[in-house]
C-alpha cells in the first residue's frame with residue numbers, strides 16, 4: 001500500500017480571515033482610473049487609498065485606528081492636478097508618502113500623527129522631470145530619501161527627495177514600463193515593459209545588466225519582483241491567455257527555474273512578497289480570491305499553499321510591512337482589500353496552540369532605520385536592511401526626524417506660495433526705499449525664508 005508524501009512546511013496551513021465589519025473602513029470611494037496599480041498603501045501607522053475626486057486627483061490618508069464609517073469631513077490630499085496613479089509609504093519614515101499622477105509630477109507628503117480637518121494640498125517636495133504621466137512610485141529599500149519614479153515617457157528617474165534633485169535618469173525602455181521592483185539591498189532593480197522584455201538594471205552604472213525576451217509568451221502585462229535569494233518571480237500570460245507564474249535566475253535566463261499555469265482569468269496578477277517567510281501572495285484585479293505560494297530550494301520550487309476566497313471582487317490591495325503584523329495572534333501577513341466603497345483588512349495566520357512568541361515564524365525583519373545615506377549609495381556602497389526583533393511587537397514612534405548629512409527640505413516646515421507672497425507684501429509695505437531699511441528688510445526676509453523652508 002503506497003502512501004502519498006506530504007511536504008513538510010510550517011506555512012502549509014496558513015489561512016486568511018477577514019476582520020469584523022466594525023474593524024474595516026467604510027464609505028471610501030475607490031478610484032476608477034484604469035491603471036494597473038494597487039490603489040492602496042499601508043504601514044503600521046496609516047492607510048492610504050486613491051479615491052475618486054473631481055477637478056484633479058486625490059487620495060485619502062487614515063490612521064489605522066480610525067476604523068468604521070469614514071467621517072464626511074475627513075480631509076483629502078488634493079495637491080495633484082490630475083488623477084493619482086500610484087502611492088507608496090517611505091520605509092524609513094512612517095509619516096512620509098510619495099504619489100505619482102497623470103499631471104506628470106511626483107509629490108512627497110508629510111502627515112502628522114493626528115490628522116486635521118482641512119484638505120491637504122501642499123506637498124513638501126514636488127518632483128518635476130517627466131513629460132508624461134507618472135505611474136510608478138517606489139522607495140529605495142535601504143537608503144534614506146532615495147525615490148524611483150517611472151512614467152509613460154518611458155523614463156526612469158531616481159531622486160534625492162531631501163534636495164528635490166534627480167540623481168539618475170535611465171531611458172533604456174522603448175515602450176511603456178509596467179512595473180519596477182528593487183532587490184533586497186537596492187543595488188539592482190528589475191522592470192517589465194510593453195516590449196515583452198524582463199530587464200535587470202544597475203542604476204549607478206546606468207545600464208541593463210541582464211534581460212529576457214518574453215518570459216511569458218502572452219502579450220498582456222507582466223509583473224516581476226526580486227526574491228530574497230536574488231531570483232525573479234514573475235506573473236504574466238501564456239499565448240492562449242492563461243495566467244502564468246514563473247521563477248527565474250537572472251544570471252541564467254535561458255530556462256525558468258519554475259513555470260506554472262494558473263487559470264484563464266483576465267486580471268493582471270499583482271504579487272506581494274514577504275522575504276521573511278519566502279511567501280508570495282497573488283492578487284488579481286477583479287478577482288475575489290488571493291492565492292499564496294511558498295518559494296523553496298526544492299522542486300518544484302514554487303509550492304502552492306492555499307487560496308483565500310470571498311464573494312466580492314477586489315479593486316486593489318495593500319500589503320502591510322512585516323513589522324506591522326500582530327505577533328500575539330501568529331499573524332504572518334495582513335492585506336488590505338479594496339472594494340468599491342470600503343477597505344477590508346485580511347489577516348493571514350499560522351494556526352498555533354501556544355500563546356508564546358513563535359521564533360520560527362518571526363525572524364528578525366527589516367526595521368525603519370536606513371542603512372545608507374544617498375551619498376554613500378551613489379559612491380557604490382550596498383548594505384542589507386537593518387533588522388529588528390519582532391519578539392515584543394512593533395510600536396510606531398510618534399515622529400521620526402529625517403537625518404541627512406546636508407540640509408533636508410523634509411525637515412523644514414512646509415510653506416505655501418500664498419504665504420510666501422503675503423510675506424513679500426508685508427515686508428515691502430513695512431519699509432521705505434532707503435539703504436538702511438533695505439538692509440534690514442533683506443536680513444529679516446532671509447531669516448523668515450529660512451524659517452519657512454524656502455531656501
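Using N, Cα and C of the backbone, Cβ positions are placed for all residues, glycine too.
Here is what TrEMBL records for this protein:
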- 4-68: domain 'DUF1899' (DOMAIN)
- 77-110: repeat 'WD' (REPEAT)
- 127-169: repeat 'WD' (REPEAT)
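Sequence-distant neighbours of the repeat 'WD' (127-169) (same chain, 6+ residues past either end, Cβ-Cβ under 8 Å): 35, 37, 82, 85-92, 98-108, 175-177, 179-182, 184-186, 189, 191, 201, 203-204, 206, 366, 370-374, 376-378, 382-386, 402-404, 406-410. Predicted-model confidence for the repeat 'WD' (127-169) is 97, expressed as mean pLDDT. Helix, strand and coil residue tallies for the repeat 'WD' (127-169), in that order: 0 helix, 25 strand, 18 coil [DSSP].
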